[in-house]
Structure formats: C-alpha cells, structure tokens
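Copied over from Swiss-Prot, here are the features:
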type    : residues               : note
BINDING : Cys70, Cys74, Cys77    : [4Fe-4S] cluster binding site
BINDING : Cys113, Cys205, Arg275 : [2Fe-2S] cluster binding site
DOMAIN  : 55-280                 : domain 'Radical SAM core'
Amino acid sequence: MTIPATILDTARTQVLEQGIGLNQQQLMEVLTLPEEQIPDLMELAHQVRLKWCGEEIEVEGIISLKTGGCPEDCHFCSQSGLFESPVRSVWLDIPNLVEAAKQTAKTGATEFCIVAAVKGPDERLMTQLEEAVLAIHSEVEIEVAASIGTLNKEQVDRLAAAGVHRYNHNLETARSYFPEVVTTHTWEERRETLRLVAEAGMEVCSGGILGMGETLEQRAEFAVQLAELDPHEVPMNFLDPRPGTPFADRELMDSRDALRSIGAFRLAMPHTMLRFAGGRELTLGDKGSEQALLGGINAMIVGNYLTTLGRPMEDDLDMMDRLQLPIKVLNKVI
C-alpha cells in the first residue's frame, strides 16, 4: 500500500530541491499542520533557507526620522494622529541620524533603515532624507534603506540617486483583509509604490503584521501576494497591541501559529530574506525566537523598534552566537 505524500514531502521536492515556492492551497496545509509536526516544518524551512539563501544572518537597525502625527488610520499603529495614542510628533536632525547609524554599525549591522510616519513625503522630508543618506555614507560604512510611505516616480528616482539601496513599504496584510486594517488608503496604492521602486533598481522590501485578525486563508493569500512581488526582503511582524489604537484589545498571536507562519512564508519564498521584526519578543519569547532562527528566518532588526522596545542588542547578538549563526558583513577582511 502506497503512503500518500504529505505537504512536507511535497515541499522537500518542490521547494528544497527545485526552489519553487508553495501555492496558496499548499500553504493552507502548512498553516494547519498539527503541533507535533512543527519541529519537522522548522527543520525543513531551515534547510530551504540554507540552500537558497545561505547561512548568514543580516542584522539591521532602524530609526524614526519623523515620529507620530501620521494622517493615516492604520489600526495597529500608535503613530496615527487620528487615535488617542501617547505618541507625539517628533523630528530628528541629521547629526542624530548619523550618530545612530554609527552606533548601529558598531553592532555588526549592515543596514540602517530611516523611517517616517507619513502617508508620503513632502519636499521637506525628501530633502532631509537625501541629505541624511549622503551624510551617513560619508561617515559610516553601512547600507541605508528608507521607509517614508507612498512615493511617486520622481520621488523614487530621487531616493535611488541619493543612494538608498532598499525601500520598505509593507503591504501589511492580505488584499482581502486590508480594508479591515486601513481605510484612508488602498492596498493597491502600496502595491504601486513597490512597482516603481523595483523599476528604479532599488531592492524591494515589503512584509506586514501577522495576528491582526486575519484568517488562515488570508494569511496564505498574503504570503502568495508577497511572493508575487519577488521581494528582496520580507519583514515579519507580529501584532503588539498598542494603547489607544483600534487593535489595542486584540490578543497576541499564538506562538505555534507564529512558527507555522514563519515556516509557511519560507516555503512560499525560498529565495527571499525573511526578517524578524516587531512583536517577536512577546509572541515567541526566547525559545520561540531560537526556533524561528533555525526555522527559516535569516535576518533581524536589533535594538528598539519605532514605538516599542525590542530586546537589548547584546541579547540578540549573544543568541546568534549561541546558535552559531554567522552575521553578514559588508566587507570580509582576509
């Protein structure tokens, strides 16, 4: 009697051997795997990551150039000016950005991402970001990424010319669930910005937040929609409910579902950098974070996030050392 192939058997052939991501229906099977098969999923996802992405972990620091006062209503975000949130509008000057980049580089990070809480940049923000990128590159050996909202073609071209090597604009969630998360702009607007970024030659970075109330079907849909972007990087956040936001009372995502999701995203995007981002400390804790780093994740944000505290950088660096995970460096000195 022939034993029917499981989804993990299929993934070994399709993803590990051939480098072809799973489709939406296949991802649903991964997301509903029984708990006792999660270790097998993590092991397979790790093998896929090693084969198609290599063994190095990329480390990134982020900083907010403009915090708070955003006119959009993203229901998870405490930086919206529409909610009763404790976050207030603050701008950083260029010397502070350069110093933050220097401190980030000292951790071994190869990327420094400058973020602003806006729908899209005005001329003041564009000019300040261009000047900041040039100033950082003149003093720090680190790549600079940016995330300043929706862009038009002229703005995309200016950022590329200034030396921004990667642009982040998260799709946030599945297209079918997006109206439950944001009402002041559309999923398609975000997608169009990413198209322009790719055309300009910058690397595309787009992910989202899991555990916002989406169904498993929508989580699988989201993974496939991200894969269609052919992104260089996908940040994986897990909802950390923020006081004063519409999602303040949402429950934390179950750690087992988070691990299944990480495995599923790796099997959907075998060649893509999957970056640990916000909420992992609460959702997964130390043990779950270690499982994920040996289960498909190959990049991390270290230090604090935009409006929430992360783990101390030293703790994350110690964890990677304990797991014997090499950190990517910009230049290898022989």
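Quick reminder: no glycine exception, Cβ is built from N, Cα and C everywhere.
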Cβ neighbours of Cys70 ([4Fe-4S] cluster binding site) where a neighbour is any other Cβ within 10 Å: 23
Helix, strand or coil at Cys70 ([4Fe-4S] cluster binding site) [DSSP, three-state]: strand
Rounded to the nearest Å - Cα separation of Cys113 ([2Fe-2S] cluster binding site) and Cys74 ([4Fe-4S] cluster binding site): 21
Secondary-structure category, per DSSP, in which Cys205 ([2Fe-2S] cluster binding site) falls: strand
Residues close to [2Fe-2S] cluster site centre defined by Cys113, Cys205, Arg275, Cβ within 8 Å: Glu60, Ile62, Glu111, Ala145, Ser147, Arg166, Asn168, Gly207, Glu233, Pro235, Ala277, Ala299, Ile301
